[in-house]
Amino acid sequence: MNIEALKVFKESGEKITCLTAYDASFASVFDACGIDIILVGDSLGNVIQGDKNTLDVSMSDMIYHMQAVAKGTQNALRIADMPYQSYTYAEQTLTNAKRLIMAGAQMVKLEGGCEHEASFRILQGNDISVCGHLGLQPQSVVEIDGYRVQGRGKQGANKIIKNALALASWGVKVIVLECVPAELAKQVSQSVSIPIIGIGAGLDCDGQVLVSYDMLGVHVRHVPRFVKNFLTDNGDVKSAVNAFIKAVKDKSFPSKKYSY
């Protein structure tokens, strides 16, 4: 899988599938099932380290898990989260992004929009592929007082659309859009030429991502409305992953039950 293929998916209407992984074993299963993207997410702070948020995840943590996932992946596109406070200014962003690329990432993901323009631009200028993250941004949960649906009001919706347009203009290749009304996500997807991968953002995104532990029913925290347990009706992890991929590809997931 590569970035050009993701563009073709958007143009053709084929949905993109993405799951998080943090180790070689799960990564190899997901890869063998044909998942399009594996995201080494800072969600490891929640599901691996047992924290209430992702704020204590370090660059060392991300590098360790990225290296492990890279060893278990042959075909899926590998994206790594840049953790909290690892991209506060441009030069720091470039240094840390290079470390993740060296660890096996093919793309790095940054949360936020126009406030990080310098960081997005320096990565583009150094030919490092970037994934954006708009809507609910887990690294900002303290500032926004918890995990809440974003973009419900006109002002918030317009800000998300503005940021998506800006990110696309700065060379961002993909955007993860989290926890927003389905209608807003549809508008965002129609506003930009790059793929929009939703999580709690309705059916009209160009793809779907879930935290793998959530998708498999391994919960150490509150389960968001947008999470579906694919292991319940399937006998093993591989079958659950195949069911997730099929449901995304045939556009049966997420239904309204799992959307806002």
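Numbering starts at 1 and runs along the chain as it is shown here.
Each Cβ is built from the backbone N, Cα and C atoms, and glycine gets one as well.
Taken from Swiss-Prot as is:
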type     : residues                    : note
BINDING  : Asp42, Ser43, Asp81, Lys109 : 3-methyl-2-oxobutanoate binding site
BINDING  : Asp42, Asp81, Glu111        : Mg(2+) binding site
ACT_SITE : Glu178                      : active site, proton acceptor
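In the structure shown, across all protein chains, Asp81 is the one of the recorded positions Asp42, Asp81, Glu111, Glu178 with the greatest number of other Cβ atoms within 10 Å.
Taking the Cβ of Lys109 (3-methyl-2-oxobutanoate binding site) as centre and 10 Å as the limit, one finds 22 other Cβ atoms among all the protein chains shown. On the backbone, the CA of Ser43 (3-methyl-2-oxobutanoate binding site) and the CA of Glu178 (active site, proton acceptor) stand 13 Å apart. Around the Cβ of Ser43 (3-methyl-2-oxobutanoate binding site), the number of neighbouring Cβ atoms within 10 Å comes to 22. Here the C-alpha separation of Asp42 (3-methyl-2-oxobutanoate binding site) and Glu178 (active site, proton acceptor) works out to 14 Å. Rounded to a whole value, the Cα-Cα separation of Glu178 (active site, proton acceptor) and Asp81 (3-methyl-2-oxobutanoate binding site) is 14 Å. Surrounding the centroid of the Cβ atoms of Asp42, Ser43, Asp81, Lys109, where the record places 3-methyl-2-oxobutanoate, the chain contributes additional residues within 8 Å, namely Thr20, Leu39, Val40, Gly41, Leu44, Thr54, Val57, Met62, Ala80, Met82, Pro83, His133, Pro138. In this structure the C-alpha atoms belonging to Asp81 (3-methyl-2-oxobutanoate binding site) and Glu111 (Mg(2+) binding site) are separated by 9 Å.
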